[in-house]
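Marked as compositional bias 'Basic and acidic residues' by TrEMBL: 252-312, 319-352. Residues annotated as domain 'Thioredoxin-like fold' in TrEMBL: 34-126. Marked as domain 'Metaxin glutathione S-transferase' by TrEMBL: 174-236. Per TrEMBL, region 'Disordered' is recorded for 252-352.
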Amino acid sequence: MPGQSFTPAVEKDTKDTVILHQFERSVFAPSLSPFAMKLETYLRMTEIPYTNVFSRKFGPKGKIPWIELNGEVFADSSMIIEMLNQKFNKNVNTDLTPYQLAIARAMQKMVEENTYWTAILTRWLYFREESRRTLFPKNVPKLFMWWKGRNLRQMAHGQGMGRHSQAEVTQIMKNDLQALSNFLGTNAFFMGDKPTEVDCAIFGQLVQIKWNCPDFEGKKYLLEVCGNLSDYCDRMKEKFWPDWEECLAQKVPEKKEKSSIAAEKDNKAEEKTEDAANPEDLAKDETKDKVEETNDKVEESKPDTELKKADDDTLVENKVIEEKIDGVTDEKKEDDIKDADGDNGKKEVSAE
């Protein structure tokens, strides 16, 4: 409902309250994960009480988001929605015919199994550095972003989308957007005048292209050629996310240009700092950066037989990387933790 206030439930009163585990908020949209956007939009659409826990802890299937409800744990956004429909006796699809439900399922599978990967490759491969600089909250560890990007690129290759050229992937995205635009037409929502479950899924994916991707050909196509999709996103945002701005993370501050005198002073200060620094530490930092850069290049050039192992290794890698990231995060200063945006002083980053 327009203007409705969405306040997460009080944590101490957790009976019949969904505890939604997801990455921390992002800079331009509430989440960098289309599946978290889908699930939280569904919770708002059905008015099921929920509270957020922002962290990088993966669920039982090695996925984010996941939920807790009355002491039980559930994973996979679509399966979670099916369970919640039964638990809370919700059905926003009640007016749809079997024919419409079939179309809705087909569209959802297209955006989640096809369009999704085009956005992943755009953000994590083609415009990787720009995405790292502009899209992520300032306290997300570089180690996590490097690992998550590497993991997603491997999965995209195994899925098949990652085997295409950049131009081909962008064209696939544009074809999907055009199909959605043609079907939506002048309707307010995809199945008519009322929002349904498929709107949660499609909105979650379109958010990533409209708000969570750098400027590129696919985004321009959405905004200029498929203008009804852009308007649709704004409509969903207004209806279910009136607190959108309050749900954004703090942006990484851009460096301001300094006067020549100030710049000269900073340069002198840096020179003194470098002179006083331990040469071994400086060498280690430089070596670490080079290793990370080399690792990225090596991963992109791995043969198909190795990349196919990515899906099998994902769950194991998730647990290992969580331990490493927890170690890095524990060593951070309290000031960094306080800067994090979101409930419980915790945080977020990408896909289910």
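Just so it is clear, glycine is given a Cβ too, placed from its N, Cα and C backbone atoms.
TrEMBL labels come from automatic prediction, so no person has curated them.
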Restricting to the domain 'Thioredoxin-like fold' (34-126), what is the model's mean pLDDT? 96
Counting each residue once, how many in the domain 'Thioredoxin-like fold' (34-126) are helix, strand and coil under DSSP? 53 helix, 13 strand, 27 coil
